[in-house]
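Shown next, in structure tokens, is the structure this report addresses.
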Amino acid sequence: MANKYVSSVLKSLLVLLHLVFLSKQHVDSASIVKSLPGFEGQLPFELETGYIGVGEEEEVQLFYYFIKSERNPKEDPLILWLTGGPGCSAISGLLFENGPLTMKLDVYNGTLPSLVSTTYSWTKTSSIIFLDQPVGTGFSYSRTQQFNKPSDSGEAKRIHEFLQKWLGKHQVFSSNPFYVAGDSYSGLVVPATVQEISKGNYECCNPPINLQGYVLGNPLTDYTTGSNSRIPFAHGMALISDELYESLKKTCKGEYTNVHPRNTQCLKFVEEFNKCTNRIFQQLILDPLCETETPDCYIYRYLLTTYWANDATVREALQINKESIGEWVRCYYSIPYNNDIKSSMPYHVNNSISGYRSLIYSGDHDFEVPYLGTQAWIRSLNYSIIDDWRPWMVKNQIAGYTRTYANKMTFATIKGGGHTAESKPEEASIMFQRWINGQPL
């Protein structure tokens, strides 16, 4: 009787161990993707997709796209790319900003949209992990309803955990120079993530991540500084009159966002400002404000991506888990999220003290996060200038302006650029390649 009981217990334990093994296999799934629906032929680069579980029970499943450098992946830098939002899929970076593929701009006719190769991919000289985060973004999901609500500071910890596990399974990249990069809202999360990785390198984690620095494009950094820069930017771009600008300066005294209710004069002029600018395309003021469904609209490609990413053959090729979220959306803006970092400037200071390099770039026609606000917070850090304001060139033409500081921070504008690198892909790529290779812009 006792033997039967022991035998029964052992069988139960074996079943449980088998289930745990399958669960771990499921959590840590990764697939090499040789071809993608919509792209003709084999992919001309190495693509891996997969999930890494984070959290106490690995309940949060973070989906990633990993593309190896086309030059020398054994030695080239490894970049982690975080798209803004929060809640915007990493596909935005991969297909529209710095990846080796993009959508072909054809009128949608009910068939699967096509993909084409790009010329100015950052993966020419760097390997990039494009990460869907926070949970609920892109193809990332939770296996239970019991998980902590994502937050800026919490994401820094989750991303660090993701990296530790990812590098544990890709140890060939553990010694590569590592950088965290992103744009827009990631201006709050990336500096915090860099600090978290740096802290982990000293306190807990072996082997340490070979962290070298970070890259940020048009980064949200400080809510007040960023918002207050919109009015001087609008004046400089001839979107408002001299008279309105002078009235705003006089009555608001530089505070255009959190205006006191009793300051009725300021509120009146702010309303006039809004009337002058509310029909401007915020992300690139030179482009028309148009409907997504219009094929000649700049953002029509986003609609095509939605059709592509929701196709069953695409999901199968990417090896998307069936228990993942249902419909894929490029940006899930209603994602439950706690915006608990109001300013990332203290993180920039700490990262500078730790000696990390940084590249901060701004498209100079972005109205969402104007370059003036970015210049203002960088200036407030009060680091000495070692290479003063000068043009940087592409093909003997001015591509933007740059300045380098003693804390290893390089600031650059991209002339004619918008909120993301997709508006000026050649200039953005050349800027990145020069900086990542340690060359002056």
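FYI, residue positions are counted from 1 along the chain as it appears here.
Cβ from N, Cα, C; glycine included.
The signal peptide annotation in Swiss-Prot covers 1-29.
Of all the Cβ atoms in the protein chains shown, 17 others lie within 10 Å of the Cβ of Cys331 (disulfide bond). Sequence annotations record features per position, and here Swiss-Prot assigns disulfide bond to Cys88-Cys331 (among others) based on similarity to another entry.
In this view, Asn109 (N-linked glycosylation site) is surrounded by 6 other Cβ atoms within 10 Å of its Cβ, with every protein chain counted. Annotation comment: Swiss-Prot describes Asn109 (among others) as N-linked glycosylation site.
Feature annotation from Swiss-Prot assigns active site to Ser184 (among others); the stated evidence is similarity to another entry. Following the DSSP three-state reduction, the secondary structure of Ser184 (active site) is coil. For Ser184 (active site), the same-chain residues that are 6 or more apart in sequence and have a Cβ closer than 8 Å to its Cβ are Thr83, Gly84, Gly85, Cys88, Gly217, Asn218, Pro219, Leu220, Glu368, Val369, His419, Thr420.
Taking all protein chains in view, 19 other C-beta atoms sit within 10 angstroms of the C-beta of Cys266 (disulfide bond). The secondary structure of Cys266 (disulfide bond), as reduced to three states from DSSP, is helical. Residues or ranges marked as disulfide bond in Swiss-Prot: Cys252-Cys266 (among others).
On its own chain, Cys290 (disulfide bond) has Phe281, Asp296, Cys297, Tyr298, Ile299 as residues at least 6 apart in sequence with a Cβ closer than 8 Å to its own Cβ. Annotation source Swiss-Prot lists disulfide bond at Cys290-Cys297 (among others), citing similarity to another entry.
Mapped onto three states, the DSSP output places Asn350 (N-linked glycosylation site) in helix. Taking Cβ-Cβ distances under 8 Å and a sequence gap of 6 or more within the same chain, the neighbours of Asn350 (N-linked glycosylation site) are Gln195, Ser198. According to Swiss-Prot, the feature N-linked glycosylation site maps to Asn350 (among others), an assignment based on sequence analysis.
Feature annotation from Swiss-Prot assigns active site to Asp366 (among others); the stated evidence is similarity to another entry. Counting Cβ atoms from all protein chains shown, Asp366 (active site) has 26 others lying within 10 Å of its own Cβ.
DSSP assigns Asn382 (N-linked glycosylation site) to coil in the three-state reduction, placing it in neither a helix nor a strand. Taken from Swiss-Prot, the feature N-linked glycosylation site applies to Asn382 (among others), supported by sequence analysis.
If you look up Swiss-Prot, you'll see His419 (among others) marked as active site, on the strength of similarity to another entry. His419 (active site) is surrounded by 23 other CB atoms, counting those within 10 A of its CB over all protein chains shown.
Here Asn382 (N-linked glycosylation site) is positioned 26 angstrom away from Cys252 (disulfide bond), judged by their C-alpha atoms. In this structure, of the disulfide-bonded residues Cys88, Cys252, Cys297, the smallest number of CB atoms within 10 A of the CB marks Cys297. Geometry remark: Cys331 (disulfide bond) versus Asn382 (N-linked glycosylation site), CA distance 36 Å. Here the Cα atom of Asn382 (N-linked glycosylation site) is found 25 Å from that of Asp366 (active site).
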